[in-house]
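Worksheet: the structure to be examined is printed underneath.
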Amino acid sequence: MAKKKTIKTIPRERALVEEQNPALRARNFDEVTFCLSPEQAQIETDRCIECPNPGCVKGCPVGVDIRGFVAKLAAGDIRGAYEVITETNLLPAVCGRVCPQEHQCEGACVVGKAKGLAPVAIGRLERFVGDTAIANGWTNIPYIEPNGYKVGIVGSGPAGMACAADMAKAGCDVTVYEAFHVPGGVLRYGIPDFRLPNSVIDAEIANLEKLGVKFECNVLVGRLFTIEQMIGEMGFDAVFIGTGAGYPTFPGIPGDNLNGVLSANELLTRCNMMRAKDGGFDTPLPIGTRVAVIGAGNTAMDALRVCKRLGAAEVRCIYRRSRAEAPARVEEVHHAEEEGIDFQWLTAPVEVLDDGKGNVRALRCIRMELGAPDASGRRSPVPVAGSEYEFDCDLVVVAIGTNANPIIGQTSRIKLDKRGYIATDADLATSIPGVYAGGDIVTGAATVIKAMGAGRRAARSMKRYLGLRDTDAVYRPVPSWRERAFGLDPEEHNAVRVRVS
Amino acid sequence: MPSHPDHRGFEIVAREDFSDVTYLLEVHHPQMAKAARAGQFVIVMLHEHGERIPLTIADFDRQKGTITLVIQAVGKTTREMQQVCRVGTHLLALTGPMGEPSHIGGQRHVVCVGGGLGVAPIFPQARAYKESGATVVAVVGFRSKDLVFWEDKFRACCDEVIVCTDDGSAGLKGNVTTGLRQALDADPEIDEVVAIGPPVMMKACAEVTRPRNIKTVVSLNPIMVDGTGMCGGCRVKIGTGIKFACVDGPDFDAHQVDFDDLMVRLKRFSETEKAALARWEEGCRLGTAQPAGK
């Protein structure tokens with residue numbers, strides 16, 4: 001038994017994680033951040049003080065047993081750690097990379113509350129476990145007893161994947177419908193390879209297929225068949241809608257329809273999903289030499305960094321508030337700065353200027369300052385009179401958010417909220433019995449992990465709706481005969497543990 | 001890609017060549033044949049290295065479980081499809097039906113105008129109007145007599161068919177606006193015109209009907225990527241607002257459409273497109289072009 005760790009005895013510094021040199025990486029699409037080595041993972045594991053009442057678990061939207069998996073790692077059992085994580089999160093290699101941990105698990109870590117200490121790098125440890133699992137071909141496939149229920153999932157993004165995994169584990173026959181020719185949703189079309197390589201998505205989807213989940217691509221639900229048809233003639237007992245937000249917003253300023261003004265979604269889809277950045281692919285990709293990206297969320301950061309990697313000489317970020325209000329992850333802003341992105345904080349676009357042939361010539365902007373706090377307590381930006389200026393650019397990428405995608409609303413009688421998103425109750429049930437929804441199509445654009453959390457919550461409600469026992473806690477490997485004596489599963493709640501001596 | 005290890009794509013079950021640039025593909029997809037309505041389109045991807053291109057559904061046969069695409073070979077992808085899409089081969093991806101179906105309402109006297117690439121996709125609309133009980137006049141335009149196709153199909157479902165050719169080698173001499181004017185003059189009760197074709201032709205049709213105050217619907221063809229409303233590449237100016245043709249259209253009120261904006265936006269990638277075609281043709285000559293499905 002190791003000596004009890006305290007805040008005083010743990011390593012003070014985080015394990016150093018290696019990153020590609022900024023000058024080099026700004027010209028390639030390889031991953032920026034390397035995976036921890038086993039030695040580095042050990043150092044980071046040692047920094048966890050194994051709190052009796054861990055805040056990190058509450059900070060995780062899907063409630064991964066963080067202390068449990070770190071304890072396995074501390075014991076040198078990476079496989080065991082993988083099994084603990086995958087009880088609640090089937091996509092550790094994805095979440096370890098893209099979650100905003102500073103607002104979630106790591107934000108709640110006790111170590112991080114101590115003076116001068118950074119929280120345990122839970123995300124990096126999760127990625128270490130996920131990557132090790134992929135490298136070794138591990139999967140955590142529980143024994144699944146088919147229950148005869150048929151479940152349809154609309155959309156193969158993070159929400160759909162998480163819901164599909166839970167329903168498959170509960171024994172349902174699950175089919176995921178995807179409108180694109182490849183599954184993965186935003187993980188595929190949006191997040192670039194330097195943050196999340198396609199090989200990781202493929203590996204995680206292959207794991208879902210091993211659970212029996214079927215993916216059907218090239219299916220646009222709402223048009224090829226409707227939600228009502230799924231519940232009716234197609235015989236689905238329950239349906240989950242996780243179609244995402246989509247429908248990008250444009251700034252509504254003069255010139256925003258010029259050639260050379262495009263949404264970040266379009267740029268990223270062409271670059272990532274259609275692989276236009278690679279040689280030998282047919283999809284054209286608009287490449288700017290001087291680029292302005294409007295917005296400062298994670299999508300904007302991806303667009304900025306993609307443009308840099310595509311060879312732009314100058315890439316500017318235009319954001320009307322200050323750095324402190326930027327919705328992007330701190331790490332992403334930091335990485336972008338290192339790569340030479342020019343941040344124009346407190347600046348709003350006023351007009352896109354034409355070169356006379358319908359192309360972008362320049363962007364006119366105005367400086368802003370933060371005014372009095374509004375009703376929500378956020379200081380709203382107000383223009384500074386007489387501060388307008390122009391700068392030459394040939395590509396303007398818009399990343400200022402999205403609206404609800406209208407297809408499901410156009411083609412079914414499902415109830416929508418005022419903003420056009422799908423209306424649900426607290427259990428994520430929609431106005432159509434048996435139909436649940438979650439992720440961006442309910443809340444508007446949010447994060448990958450929040451979408452996954454919603455997918456899992458919806459799965460819990462769907463299981464209740466179908467009258468299935470909640471199987472959330474029973475994903476451990478089949479116990480030995482001793483543990484199963486008298487047919488009792490020790491993991492079952494209320495089961496009296498019987499030992500045969 | 002995951003799922004369906006046996007999925008080779010969507011099988012081409014018939015092909016017909018109308019001219020050296022225009023060809024028809026009939027693709028097996030029973031579910032889509034059942035769901036398709038007039039005015040909708042599909043997105044096609046030929047192979048894994050391909051791009052996604054939108055094509056209007058020119059016909060669908062619910063009994064046979066097929067949909068029909070009529071394609072004009074204008075660039076790299078459509079030329080490559082012309083070369084490799086034979087009966088028995090497969091398209092990697094075929095997604096649809098996409099877009100809002102045409103609103104076939106209570107119109108009693110309708111003119112359906114198809115010009116150039118628009119002759120095929122106007123057909124399901126003409127048929128749908130006929131089935132709804134309207135009197136339908138079709139005006140179809142071609143460059144010359146040799147390029148005329150589907151005249152019989154239009155005759156079978158329309159009350160009148162006016163063929164126009166640029167050189168006068170068949171039917172009326174002139175473009176479709178000549179035929180449209182003739183149709184409007186002949187029947188003062190025309191209460192709707194539907195026009196599909198190149199933007200310049202649709203714009204011309206809109207200008208014919210505007211002074212006469214006849215409701216006119218056009219099917220817009222902007223550049224698209226996903227076809228599901230998530231990128232906005234296909235945004236078009238309608239009146240004072242912006243719409244996405246893939247989910248709000250592709251049908252719009254012709255008198256509200258900013259055609260000049262559409263035409264400029266269609267040239268977004270013209271340099272890249274020319275280069276891609278040149279590269280591909282060079283590859284064909286050298287015999288190094290990527291075979292389909294590889």
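Cβ coordinates are placed from backbone N, Cα and C, and glycine is handled just like the others.
Among the candidates B:Cys205, B:Cys246, the residue that TrEMBL annotates alongside B:Cys231, B:Cys234 as binding [2Fe-2S] cluster is B:Cys246.
The DSSP secondary structure for B:Cys234 ([2Fe-2S] cluster binding site) is coil.
A distance of 20 Å separates the Cα atom of B:Cys234 ([2Fe-2S] cluster binding site) from that of B:Ile71 (FAD binding site). The subset of binding-site residues B:Val70, B:Ile71, B:Gln72, B:Cys231, B:Cys234 lying near chain A, with Cβ atoms under 8 Å apart, consists of B:Cys231. DSSP assignment over the domain 'FAD-binding FR-type' (B:5-104) gives 15 helix, 43 strand, 42 coil.
The FAD site is defined by B:Val70, B:Ile71, B:Gln72, and by the 8 Å test on Cβ atoms against their centroid, the other residues of the chain that qualify are B:Thr22, B:Tyr23, B:Leu24, B:Leu55, B:Ala58, B:Leu69, B:Ala73, B:Thr78, B:Leu117, B:Ala120. Between the alpha carbons (Cα) of B:Gln72 (FAD binding site) and B:Cys246 ([2Fe-2S] cluster binding site) lies a span of roughly 20 Å. On the backbone, the CA of B:Cys246 ([2Fe-2S] cluster binding site) and the CA of B:Ile71 (FAD binding site) stand 19 Å apart. The binding-site residues under consideration are B:Val70, B:Cys231, B:Cys246. Their Cβ neighbour counts within 10 Å are lowest for B:Val70.
Following the DSSP three-state reduction, the secondary structure of B:Cys246 ([2Fe-2S] cluster binding site) is helix. In this structure, of the binding-site residues B:Ile71, B:Cys234, the smallest number of CB atoms within 10 A of the CB marks B:Ile71.
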